[in-house]
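Record features, source TrEMBL:
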DOMAIN    1-314  domain 'Hcy-binding'
BINDING   Cys234, Cys299, Cys300  Zn(2+) binding site
Amino acid sequence: MQDFRILDGGAGSELQDLGFHVNEDPLWSARLLHTNPNAIKQLHKSFLEAGADILVTVTYQATVEGFRKYLQLTTERAVNLIKLGVRLAREACREVPGKGKERLVAGSVGPYGVFLHDGSEYSGSYVDNMSNERDKTKVERIHLGINVNELIDWHRPQVAALVEAGVDMLAVETIPSLKEAEAILRLLKEFPAAKAYVTFSCKDGRNLCHGEEFSDAIQKVMTSDQVIASGLNCTHPSHVSELLDSLRPLQLTKPIIVKPNSGEDWESGVGWFGRGEDSPLENHVSDWIKRGATWIGGCCRIKPRDIKSLGEEIKKINR
């Protein structure tokens, strides 16, 4: 019997469906940490009740800079709000009776592009021409964009807050480029006891959204002793099997994560649309498991009922 893990689904899209207008918000679902933390706890509980045993905190867009800019919070209050995200997930785990398997809390760390609020988290374009040294002048800074050290500095307060709050692991997720993943892993060395999983967003059956080969990115991040699992998220379900096949030559020993979205399209001002035949993840689970996936959940537009169906299918397979 294989040791499968069931992850939760899409937090922001589920909160939107529940009536919270987060889609066009620069803080997205993280604003509710400030305005309605109970809604986030109830969200976590709904995924636990559906069978998830790994909860991802609603901190994907919860950054110190973001909270300072859009909520006018002090740095201390912003850090405490990130830590609240962990506490809410822990409280949900305590309040929903377990079904045997230990429930774990993963602290979500999103890409730098989420702060830019320009869609670049889906392209990783901000790492183009990224230098390894601090820029010498303002002119160079404008020309080169953010550099590696600045990227590490930007991620540090969120990572530190999540680690201090006691997450079981970090969920470094929806990363569009290998450069950013490597920068975060450099940062992680400052927290030697911390563990993480890393998932990339992919634009097709071979490449990350920024263009690097998925298999190369997975191979590189899996070499870190602090990375306990890796794979993909926020990727169209139709690409998953091909992406998993690309990993077979690597003969990986750590868990492979599959956390796709529903396959729907997003349009500003319209929202999500086009939920079609790729959406029921349980229809794909058997194939993904055969191709090596062992940690399985969902991303945008994957609801608690989808996680429940997915979990039931995994139980049938794992009898």
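Glycine is treated like the rest: Cβ placed from N, Cα and C.
Among the listed binding-site residues, namely Cys234, Cys299, Cys300, the Cβ with the most fellow Cβ atoms inside 10 Å is that of Cys299. On the 0 to 100 pLDDT scale, the model's mean across the domain 'Hcy-binding' (1-314) is 91. Those residues of the chain, other than Cys234, Cys299, Cys300, with a C-beta within 8 angstroms of the mean position of the Zn(2+) site C-beta atoms are Gly10, Ser13, Thr174, Ser201, Asn233, Thr235, Lys259, Pro260, Asn261, Gly298, Arg301, Ile302.
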